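Novice: This structure is in structure tokens; I'll ask about it shortly.
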């Protein structure tokens, strides 16, 4: 199957400035996602001191049910956002929906800081509401960021570009820690370093500033997001306007003779035999399941299995930093939040960000499938190493360097492998008219796994006898870690059996291979787009093909 000329030009384009600009623009949603995820832990320390200092079993400590609610509503919103905005990205267009997601994230981040009511219950309910909306926006950004980057990238470095977009999560963690530490230190100094059990009224302002700060980088990129053209693959394959696609690419990519590309494509379209009709099968139809069901299952199941141990490990941090810092009863609210953020920054610098960088370096050399299997295997090994001697040694030696190293290596392995590859693969395996939707479905499955991991781990890690206040008895930390390691091995087996390799293959080749296994009901989207009708501008108006370059 001969490819469309403009898509061939995209696959062969050299790496240039616009690619790196697109990485930053597309990565801001992931930046906001990790900022929101990691700032909530220190924020809830301050919230506990502000709203739960008047008695109770543990004064100054946010109840587990409230912590679970603030985490859970954002993840639930992300499930909905993945599905809804993923589908809209295929139906309305990537660019327009992209801007809507960003506005929702900005408004809900600001709204989280304005969760002001007269009662504690009302204030926290308002916070959960805005965090739900934030989750919807962040969830919608997942499929759109990955799809846009995959459709702009060239074949040779596509994996590295998408992985670089995803690596913005690491910088979001650092930003979250830096902002939290700066705000906490400033308020601590301004209030004269209050006593441990003395929480100034201005602490109610501190946590709001931390939450609202997440809106700033997202808001700064709104103009550039709306200046981006629609992706050429969406315009050519879904809207079936190859000339407009060529025109759009001419605005942003340099050193491509797009006029010649368009002339050749028009001539070829007029001389070639009529293409097969555009495929008419719908999402989750029988033909879709035959052609793409296996890939959708592989992507969704792997993401679901990954996020259970990944988000559980995030909550597991409290078991590690607790022995390293003074007890909460010996420090004030600002100092406690500062210590939590400081530990998160150390883990990010030592394991999370290096894992992303190694993934960017290896993804187009080793391949997605191998990295995903290696990551799952290493995660299982390190979780088992934490679990085996936990009751006999680690529980009483949590500050031991070996304990922290094993925990850090778990995050490194996740980001080196499945945490990155599960974001990349759904953006490469499906036809253009289903790409954003299928990525959204896969991402929604991942966030469901995150819900299971976040809420389930809080219960499972409790001891059968003597569970922490507010928790039901669980199976204990040691057995919970063994379960997480077993889930990683299941992810390894699933990847080996079901996940295909997409390295060094164009997006159209992935679609074509699956379309060739079917007969009837039309051909692939790429073949259908090669009709003279899609060249509606024809030879009479080729001047728009070479517009003046614009900066976007």
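Placed from the backbone N, Cα and C atoms, the Cβ positions cover glycine too.
The structure displayed is predicted, hence computed values, not measured ones.
Look at Swiss-Prot and you will find 1-22, 90-96, 145-158, 225-295, 364-369, 419-439, 495-552 tagged as topological domain 'Cytoplasmic'. Per Swiss-Prot, transmembrane segment is recorded for 23-43, 69-89, 97-117, 124-144, 159-179, 204-224, 296-316, 343-363, 370-390, 398-418, 440-460, 474-494. Marked as topological domain 'Extracellular' by Swiss-Prot on the basis of sequence analysis: 44-68, 118-123, 180-203, 317-342, 391-397, 461-473. Residues annotated as region 'Disordered' in Swiss-Prot: 507-540.
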Novice: Between the transmembrane segment (97-117) and the stretches 23-43, 69-89, 204-224, 343-363, work out which stretch tops the count of Cβ pairs under 8 Å.
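Specialist: Most contacts with the transmembrane segment (97-117): 204-224.
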Novice: Taking the transmembrane segment (296-316) as the first stretch and the transmembrane segment (440-460) as the second, find out whether 3 or more Cβ pairs fall under 8 Å, excluding pairs closer than 6 in sequence.
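Specialist: Yes, the transmembrane segment (296-316) and the transmembrane segment (440-460) are in contact.
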Novice: What residues elsewhere in the chain lie close to the transmembrane segment (204-224), defined as a C-beta under 8 angstroms and at least 6 residues from its ends?
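Specialist: Residues 21, 24-25, 28-29, 31-32, 35-36, 39, 42-43, 46-47, 50, 99, 102-103, 105-107, 109-110, 112-115, 175-176, 179-180, 183-184, 187, 333-334, 337, 552.
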Novice: Between the stretches 23-43, 69-89, 124-144, 159-179, which one has more Cβ pairs under 8 Å with the transmembrane segment (343-363) than any other?
Specialist: 159-179
Novice: Are the transmembrane segment (440-460) and the transmembrane segment (23-43) close, by which I mean at least 3 Cβ pairs under 8 Å that are 6+ residues apart in sequence?
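Specialist: Contact between the transmembrane segment (440-460) and the transmembrane segment (23-43): absent.
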Novice: Determine the mean pLDDT over the topological domain 'Extracellular' (44-68), rounding to the nearest whole number.
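Specialist: Within the topological domain 'Extracellular' (44-68), the model's average pLDDT equals 83.
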Novice: In the topological domain 'Extracellular' (180-203), how many residues does DSSP assign to helix, to strand and to coil?
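Specialist: So the counts come to 12 helix, 0 strand, 12 coil.
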Novice: Mind checking which residues of the chain, 6+ beyond the ends of the topological domain 'Cytoplasmic' (145-158), have their Cβ under 8 Å from one of its Cβ atoms?
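Specialist: For the topological domain 'Cytoplasmic' (145-158), the list is 10-15, 18-19, 22-23, 26-27, 29-30, 89, 94-95, 98, 165-166, 228, 231-234, 364, 423-424, 426-428, 432, 435-436, 439, 504-507.
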Novice: Within the same chain, where does the topological domain 'Cytoplasmic' (419-439) have neighbours whose Cβ lies under 8 angstroms from its own Cβ atoms, ignoring anything closer than 6 residues to its ends? I mean 6 or more beyond.
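Specialist: Distal contacts: 82, 86-90, 94, 142-144, 146-147, 149-151, 158-159, 162-163, 166-167, 233-234, 237-238, 279, 283, 288, 292, 295-296, 298-299, 302-303, 306, 310, 355-356, 359, 363, 368-369, 371-372, 375, 446, 499-500, 502, 505, 507, 510-511, 524-525.
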Novice: By a Cβ-Cβ criterion of under 8 Å, what residues six or more beyond either terminus of the topological domain 'Extracellular' (44-68) are in contact with it?
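Specialist: Sequence-distant neighbours of the topological domain 'Extracellular' (44-68): 120, 123-124, 184, 197, 199, 203-204, 206-207, 328, 332-334, 336-337, 340, 454-455, 458, 468-471.
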